[in-house]
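One structure is given here, and the rest of the page talks about it.
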Amino acid sequence: MASLEKKKEIGFRSFLPFLTSLLLAIVMVLPYKIPYFGNLMPYLTLIAVYYWVVVRPELLPVSAVFVIGLLQDILGGGPLGMMALLLLLVRQFVLIQGRNFLERDFLFNWLIFVIISMVFGFCSWAVASIYYKTVLNYWHAIGQSLLTIALFPVITWGLGKIRKRLKAEKR
């Protein structure tokens, strides 16, 4: 009986990266009563995918990232598959370079994330502009990227607390 409970607990803990990313996807589409904030909502799922793929890539597989991105597209009303594709590309890039990122300090990772976030913002703007057949306001993408960069330390700190809890309970 105790073994079954232990297996359930381990199973739940292995879903935490997916669940935290999913929660951030939902937070991104909640209605806020702040003018223009909907257009400037930071890419919270980008932060989560980047963080989890650097520290525990096995807990955030391709299928999980795809579901997170697709759900974000469905809930947010964006081009279907855009966020899924972009998050999968980020996952693949980080996975290839992951060991290099893991061995570095926070500032190095933040700098890499700055570049990834700006490229991500540009790509999402470009794909959405093509999808809607009009040139969208690129300042929104720049604002989203800058807010994402600014929130990176706060979100990764919270995800780090969850990761430490995973480690502590694993023993």
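Glycine residues also receive a Cβ, built from the backbone N, Cα and C atoms like all the rest.
Those TrEMBL annotations? Automatic predictions, nothing curated.
If you look up TrEMBL, you'll see 12-30, 37-54, 74-94, 106-132, 138-160 marked as transmembrane segment.
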*Top stretch among 12-30, 74-94, 106-132, 138-160 for CB pairs under 8 A with the transmembrane segment (37-54)?*
138-160
*In the same chain, who gets a Cβ under 8 Å from the transmembrane segment (106-132) while lying at least 6 residues past its ends?*
43, 46-47, 50, 54, 78-79, 82-83, 85-86, 89-90, 93-94, 97, 138, 140-142, 144-145, 148-149, 152-153
_Beyond the flanks of the transmembrane segment (12-30) by 6 or more, those residues with Cβ under 8 Å of it_ = 41-45, 47-49, 52, 56, 59-60, 64-65, 67-68, 71-72, 75-76, 155, 159, 162, 166, 169-170
